[in-house]
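Below is one structure, written out as structure tokens, with a few remarks after it.
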Amino acid sequence: MRDEQATGAAITFDRVEKSFAQKGGAPVMALSDCTLTVEPGAITGIIGRSGAGKSTLLRMVNGLERPTGGRVLVGGRDVGAADGAELREIRREVGMIFQHFNLLASRTVFGNVALPLEIAGRPSSEIRTRVADLIARVGLEALADRYPAELSGGQKQRVGIARALATGPKVLLSDEATSALDPETTQTVLRLLADINRDLGLTILLITHEMGVVRDIATHMAVIDGGRIVEAGPTYDIFVRPEHPTTRSFLSGVTGVTLPAFVASRLRPAPPEGPSQEVIRITFAGRHATDPMLARLTGELGIAVNILAGAIEEIGPHPFGNLLVSVETPRGAEARAYLERHQLLTEVLGYVG
């Protein structure tokens with residue numbers, strides 16, 4: 001049965017709750033009041049620390065876990081209420097890749113990719129054609145007859161991706177799919193997922209504890225903390241204006257911009273007596289990311305600026321940068337007002353004497 005109001009979304013988490021019974025004790029609440037909409041064709045990353053509830057949330061999409069409250073809808077169909085034939089139909093539309101690959105050691109690359117099609121009862125001729133196409137898509141044509149023990153970690157994950165695509169799903173779930181890979185292989189797998197998303201229009205929902213993965217691939221993101229979704233939206237918007245402390249904590253490890261230790265150790269929440277400097281974070285976003293605003297600030301207002309740290313990178317197609325600076329405290333408000341008039345974001349981090 002479809003929910004007509006939710007059929008426009010690929011996946012809808014509607015006030016989802018999940019608790020687990022404990023022998024001789026009160027139930028443990030894993031998820032509480034989680035609401036999130038995953039748009040068709042988006043790559044949505046759910047980030048959270050270990051134990052935050054992200055894997056539990058992901059496993060509800062294909063019915064591996066059932067909510068104890070709320071609903072999980074895939075294409076408007078309630079996964080938690082589905083059973084038998086309807087649940088099998090939903091699962092055919094949802095592929096999944098795993099952190100540890102889950103390949104059958106006794107089957108070749110071809111055999112692993114073919115397995116879902118064999119289970120679905122597809123004709124042999126269709127299986128051969130489909131598997132050959134998928135193996136080519138993930139760049140493993142030369143390894144079709146190899147066994148998992150003969151493959152690298154990145155190659156195993158490519159097999160996992162091809163297998164997940166075998167039945168032509170509309171949604172692909174990624175459960176920490178790159179966390180067991182080295183950085184270079186991680187980037188290769190992320191590029192492959194981005195290509196699949198672009199070429200097939202596939203909706204991808206991934207979970208990770210690495211903000212770098214979200215930055216590199218996700219169009220949208222959600223932050224989960226203590227079983228609750230505390231922030232969600234377009235990835236670029238959240239990187240530019242993070243609101244929740246958990247989000248800020250994750251971002252501090254990926255933007256590459258932290259205060260030097262000799263400044264951080266002296267930072268105070270209020271100006272000390274005597275001469276002091278106001279420490280400011282400046283966020284450069286979009287078309288303003290490469291503007292020479294500090295030179296203009298000094299030239300037009302005569303405010304001396306000390307640069308403490310900085311970096312610029314890309315979030316999707318958009319440039320994004322952070323700069324940590326200090327100015328004389330009496331002129332801090334004037335400097336911030338000037339920068340904000342020119343569409344930059346500022347935040348006072350504290351003061352040093």
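Even glycines carry a Cβ here, placed using N, Cα and C.
According to Swiss-Prot, the protein has these features:
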- GLY48, ARG49, SER50, GLY51, ALA52, GLY53, LYS54, SER55: ATP binding site (BINDING)
- 11-251: domain 'ABC transporter' (DOMAIN)
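Location within the structure of each feature annotated in Swiss-Prot.
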{"residue": "GLY48", "record": "ATP binding site", "Cβ within 10 Å": "24"}
{"residue": "ARG49", "record": "ATP binding site", "Cβ within 10 Å": "14"}
{"residue": "SER50", "record": "ATP binding site", "Cβ within 10 Å": "7"}
{"residue": "GLY51", "record": "ATP binding site", "Cβ within 10 Å": "11"}
{"residue": "ALA52", "record": "ATP binding site", "Cβ within 10 Å": "24"}
{"residue": "GLY53", "record": "ATP binding site", "Cβ within 10 Å": "24"}
{"residue": "LYS54", "record": "ATP binding site", "Cβ within 10 Å": "27"}
{"residue": "SER55", "record": "ATP binding site", "Cβ within 10 Å": "19"}
Inset, instruction - For the recorded ATP site formed by GLY48, ARG49, SER50, GLY51, ALA52, GLY53, LYS54, SER55, name the remaining residues of the chain with Cβ within 8 Å of the site's Cβ center, in chain order. - result: HIS209, ILE224
Legend entry - pLDDT averaged over the residues of the domain 'ABC transporter' (11-251): 94
